[in-house]
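Q: Here it is: the structure, laid out below.
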Amino acid sequence: MTDKIVVAALYKFVSLPDYQALREPLLQTLLDNGIKGTLLLAEEGINGTVSGSRAAIDALLAWFRQDARLADIDHKESYCDEQPFYRTKVKLKKEIVTLGVPGVDPNQRVGTYVEPQDWNALISDPEVLLIDTRNDYEVAIGTFEGAIDPKTKSFREFPEYVKAHFDPSKHKKVAMFCTGGIRCEKASSYMLGEGFEEVYHLKGGILKYLEEVPQEQTKWRGDCFVFDNRVTVRHDLSEGDYDQCHACRNPISVEDRQSEYYSPGVSCPHCWDSLPEKTRESARERQKQIELARARNQPHPIGRDPRQLNEA
């Protein structure tokens, strides 16, 4: 395993009034150790996924341990053969995961953490309302048995869905989950603020569950979407068979790639009839540069991802 790239998903909700001052030393630590990926800093904490050698990730964790506030940062590891990120970034944000509701602060109030080994028993309770807090394209390729899919396009839509579909007086027990634990932790803080009394969330998220719960005992079905070039991981955390459309961000299956509407890097069956021409042209140009760099055995070209045109 020593020659594998270590992919570390990490976050912690913690008060960081000096978060702006942390950016440069954190970025320098990443660069000094050849670590790729993106970390977000905000007054409410830190969040992100990075990758590098075993020694590099250990050096980053050692850097966090120098600050008592970050010493016990939650992190989950998986492995891959190739670097899943192209860039190294540390960004300053208002929120480390954007819910968009003022006053929601997991540093002040949060639901009950549930360890992966206790999760199956909880969600088997018929009185428990099980909610997947991820986006629709993530849920489409894998989720837990019996989970409700809010069909959200972004986490910002989650509060509206809750208000429209759930009632604290009727739904006494709520359990939520997400990829690495951060969205469901923040969602639990929001739900408590809305008057829901028993709110639970999966500690470490789906990734920790897949790491710790034996496959023969799993209640997980499908693959888990991840926010890097692996696109998805299986129950053993190995890379899945999905690719990702660079135009709409949807995961695309082997069957999708056989479609007449699939054009590598440009469009897929999910978006071919809805993409603005500006986005399509940007995607074509980006794909051309990628193929040219590949033919010359050069690094992936650094440029704006056309997906971001729809993410303003």
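Every residue gets a Cβ built from N, Cα and C, even glycine.
Here the structure is a predicted model, which means the values were calculated and not measured.
Pulled from Swiss-Prot, these are the listed features:
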{"type": "DOMAIN", "residues": "124-218", "note": "domain 'Rhodanese'"}
{"type": "ACT_SITE", "residues": "CYS178", "note": "active site, cysteine persulfide intermediate"}
{"type": "COMPBIAS", "residues": "279-294", "note": "compositional bias 'Basic and acidic residues'"}
{"type": "REGION", "residues": "279-312", "note": "region 'Disordered'"}
{"type": "COMPBIAS", "residues": "302-312", "note": "compositional bias 'Basic and acidic residues'"}
Q: Are there any residues in the same chain, six or more apart in sequence, whose C-beta is under 8 angstroms from the C-beta of the residue listed as 'active site, cysteine persulfide intermediate', and if so which?
A: ASP132, THR133, ARG134, CYS184, ALA187, LEU202, GLY205, ILE206
Q: Summarise the domain 'Rhodanese' (124-218) by DSSP state, stating how many residues are helix, strand and coil.
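A: Helix (H, G, I), strand (E, B), coil: 38 helix, 19 strand, 38 coil.
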Q: Over the domain 'Rhodanese' (124-218), what is the model's mean pLDDT?
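A: Mean model confidence (pLDDT) across the domain 'Rhodanese' (124-218) is 96.
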